[in-house]
């Protein structure tokens, strides 16, 4: 198999087990809570523990990969995630499950950024869009199958098996990584411990506060205070990074136009997508009375559409270029969030599936384009920091989406005087997140017409800029 296909599929095995398990757990929370003797809303702390681990360790993922090697770090990350899965399956208390999920989060924080970094450093830019498309195809199977598998296992067996079904896939991922992923190193200095503390604690506090606000799991004043502390720590990191000669994450990357526009403009689009996994299942289950399995089968369509788009994304970008695709597609993908709020309990299944299928195509194309354009003009020496910083911003955007989605639904209920599960409230909530995602157009339209020309394959002969590839250390 060609390198630009094999490496993405190996990395995607890690994304598959992560995404599948996370979505499977979400559908089985009531059963897990009953077995552990706690309320379902309290059990969401286990989901929060995973998110906090991501927040703490994503900032350091690039440094760890540069220091210890990409292959070694990636394999260790999968192994840690698998150990966390076994611990989750063996948990008999809420505290044990929370601890095990935090362990999984440590592995997840390394798997995704390091896996993406392997592709960025191993594949030519002209092949990168195609490689990123291959990366996403198996990864999308996770959220497609997760709700169905979780509902099936919980209904006909025991929830503990949710954490065990991915172990063979993880073991295969480690074996293929050992055989085929190169051991690449990057330039690395001493770890910026102050920067690590400020960035990780700031990101963790911000994400915790925002996500809990969206789910309304604690007092608003307390969570706002936590969020303010998190933002303050991140501001302190910005000041620290300006003075430090070798900061953990180099904010000078935002001086690169394609990176700045792709990361920050893309964040607005991701806010809408971050709210969708909260609002759509709530609407189907709370508003329409569907069970988790029915809800999962309907949302399956969005991921199916996304998978289809991955097969033609590279051709579309080569034909029209990044700027035109990102601007036009941002409009269409954002507007396709509005019909989701127009679903009603008597809406035919075929119509719901059709809207989700088409909307999934456009959202998938936007993600592929955004994930590629941010690295179009980043040199190899700064690739690890670029990957870590982009992952941090994406996590904050998704957490913000959960918060805005939750509050949009609550405020709509107050404004209409109807119960939260009433359809009109979801109509207003989806319209709100669609407007926010649409705001990304104003940033994306500032891209140069030829932005990412080399990556999309539109560069004229002689325009390509050759960059040296990192090499393995002698003896590795």
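Glycine is treated like the rest: Cβ placed from N, Cα and C.
According to TrEMBL, the features are:
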DOMAIN    7-452  domain 'Major facilitator superfamily (MFS) profile'
REGION    453-476  region 'Disordered'
TRANSMEM  42-62  transmembrane segment
TRANSMEM  74-94  transmembrane segment
TRANSMEM  131-153  transmembrane segment
TRANSMEM  159-178  transmembrane segment
TRANSMEM  190-213  transmembrane segment
TRANSMEM  219-240  transmembrane segment
TRANSMEM  261-284  transmembrane segment
TRANSMEM  296-317  transmembrane segment
TRANSMEM  324-343  transmembrane segment
TRANSMEM  349-375  transmembrane segment
TRANSMEM  396-417  transmembrane segment
TRANSMEM  423-444  transmembrane segment
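At the 8 Å Cβ threshold, with sequence separation of at least 6, the transmembrane segment (190-213) lacks contact with the transmembrane segment (349-375), having fewer than 3 such pairs. Under the criterion of 3 or more C-beta pairs below 8 Å, with sequence separation of 6 or more, the transmembrane segment (423-444) and the transmembrane segment (219-240) do not qualify as touching, having fewer than 3 such pairs. Mean pLDDT for the domain 'Major facilitator superfamily (MFS) profile' (7-452) in the predicted structure: 87.
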